[in-house]
Each structure stands twice: as structure tokens, then as C-alpha cells.
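**Q** Following this message is one structure expressed as C-alpha cells.
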Amino acid sequence: MTAPARRLCHIAFHVPAGQPLARDLHRVFGFQPLAVREAGGWRQLALRSGDAVFLVNEGTGPQEPLYSLDPHHSVPSATNLCFDVEDVDGAARALAARGCIMPVPPTRVRDAQGTATYTVLSSPAGNLSLTLLQRAGYRGSFLPGFRPLPCTPGPGWVSHVDHLTLACTSGSSPMLMRWFHDCLGFHHLPLSPGEDPEMGLKVAAGSGRGGLRLTALQTPPNNTVPTLVLAESLPGLNSKQDQVEQFLTRHGGPGLQHVGLYTPNIIDASEGMAKAGCRLLTPPEAYYQQPGKEEQILAAGHKPGLLERQGILLDGDKDEFLLQVFTKSLFAEDTFFLELIQRQGATGFGQNNIRALWQSVQEEAARAQGA
């Protein structure tokens, strides 16, 4: 590995001036403003919930936004992942030797609280760039160059980022897996016993409807980097685009499709967000009528009717369960959504839940087209 990622620092978004993402993250999802920077046509606002930090880069300017890159993308998008590394200068030299493109060379930023060094790396995943950051000893609330904002306790719905899902073009997962392994130290995480890293996990959506190929990657256990999931479409007999293909079309290529946010209490979190205006996906009606589903929900210690009313999916067996709920797109262009996830011993991603999500998104798309 060339520049092993040790921790996810933040996820950055690029949106036009006036786009309400920052407002929604605060009012709807319970993220609290952390720090702000306004310079050169950019307004950069960092928001935090637990250990999850989102950086919203709003506007445009003659220079790059600090700690990020202007992707000059035509639609709002999650455009950057920032990782903590031990040695930015050494990482940049090693990555350049591998032929990687570094649009922003190692740059030092100082303020009264200390120093941070960063570089920005282009990735082979569409408009997604990667920031490598070294800030050991920095004493501020966020990063040099940002003005800290008054700290206000939030609802605590989200504790950290559980996983990141990239929507990829068909057949590109093996190449992306090798790139993230060689450059950042990610390695294959099997989602099923005996899984072939080159093939990933195939999840069929139903007869003739294609499905998904998922490949999960993780860093060594001593690092605090979320699981990275590569998702690509499997062709079906139906000629209609599925949601991965629709994302690629609307987004203009591969990119970060959704972020899984861990919540210690998915019932309270989803209820609170819904009351604040969050639009949650509705699972297929048949999901909760599956044979054994009620018993499974009861075995996990939950009430079937409550999960159904809030659209929460549950999968697992024995003492290992996974609960998930998904938002509708945060952007009108349908290029990004969020997931809430609570784990009761489960470490993977339930195949039944994946199928249910697949069907939910397809049904939502059909309703939107008919509106």
C-alpha cells in the first residue's frame, strides 16, 4: 500500500450557492454546525453529528476550496473523501511515483491552533477526489483556516459513518478494488462465505430484473475507516434502467451514491428525522408479509407494526440483526441519499434488505415518472 488511510476525517459535497443541503443536514438530520470559512466565492460549512463530519462547499471561485477540489460538476454531488494519513509528503511522493494525479500538491495551512498539511488525489471513480490530511497536534475544533462556531448539543441521532457506497460502471469493480488496495490500503471484505474478490456478491432483484454486484473493502482493524462498498448493475431482461444506471446517467458518471450513517437507536432517529421533514423510502408492502418476518422482528426485540410504519428493514438470524432505513434523494437531481443503520451483532449487509431497497427505489422511480 502507498498511503494507508487511518481514519475518515470528513465527507465533502459540492453544491451551487443557495442549495439547501447544509440547512437540511442541520434541521432535518441533526448535524450541528462546527466551523465555517468564507473566501474567494466559496462558503464552506462543516457540520458534525458524533464522529460523522460533512463539509458542504457551496458556490464557486477562481481557486480551489480549502482541503478539497472544485470538480466543476454539473449537478450537486458528494465529491470528496478526506482521510487521515501519517505522512502527507511521503504519501504524495509515493502516489506520484505510481502515476497518480495530484491536482493539489502538499499544502500547509496554519492558524493559532496549529498546522495541517494536505494533498488532493484524483480517483478513478468519476468526480470523486480524495484528500490526504495530516493534522497531528492541531488543537482547533475542525481545521486551520476555518472559524469555529458555537457548539450546540444535537439530538445524537448519528454516531459515525458506517459505510460509503460508490456507484460504478459495469465491470469496473475489480479495477477500483485494486486501486484502493494499492493506493490507500483497503482490502477485500467478503460479504458471503467463499466470495471471489473479482466477482463480489451478486444480489438478484428478481426474475428478469437484473440486480447488483457488491464488493466491500475495508482497512486494517486498528484503523477507523468506514467500509467502502462498490456497487454495479447486473443486466436484466427488462430494458428499463435500474437505480445504479439511473445514478450514472443523472450524475454524469460514477460517484458516491450514498453514505450509511450509524445510529444507536434507529427507531428514535428515523422518527425524529421524519418529524423534521425527512422523506424516507417506503419498502415494498410484501416485505413485512414475508413468511417468518414477524417472528424475526420479534426475535430481534422489536415490534413489527412499528418497523413497518417507519419503513425500517430488518435482516439477520440468531443473535445477529441489521436494521436499515433509507432516505429519498437529498438533491432534486437524484444523485445522493442517506441510510440509517443499526447493528445488533451483524457485521455485513443483509441480502434481503438489499433486495427490498432495490425494489423500493425502483417503485419510487416508477411513481415519480407517473407523476
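Even glycines carry a Cβ here, placed using N, Cα and C.
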**Q** Taking GLU86, GLU320, GLU333, GLU339 as the options, which does Swiss-Prot list with HIS163, HIS258 at the Fe cation site?
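**A** Answer, per Swiss-Prot (Fe cation site with HIS163, HIS258), from GLU86, GLU320, GLU333, GLU339: GLU339.
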**Q** Within the same chain, and leaving aside HIS163, HIS258, GLU339, name every residue whose CB is within 8 angstroms of the centroid of the CB atoms belonging to the recorded Fe cation site, in sequence order.
**A** ASP162, LEU164, THR165, VAL229, VAL259, GLY260, LEU261, PHE326, LEU338, ILE341
**Q** Please list, in sequence order, the residues in the chain of HIS163 (Fe cation binding site) that are at least six apart in sequence and whose C-beta is under 8 Å away from its C-beta.
**A** ALA216, PRO226, THR227, LEU228, VAL229, VAL259, GLY260, ILE341, PHE349
**Q** Which residues, sitting 6 or more apart from HIS258 (Fe cation binding site) on the same chain, put a CB under 8 Å from its CB?
**A** THR165, PHE326, PHE336, PHE337, LEU338, GLU339
**Q** Give me the count of other Cβ atoms within 10 A of the Cβ belonging to GLU339 (Fe cation binding site).
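**A** Taking every protein chain into account, the count is 19.
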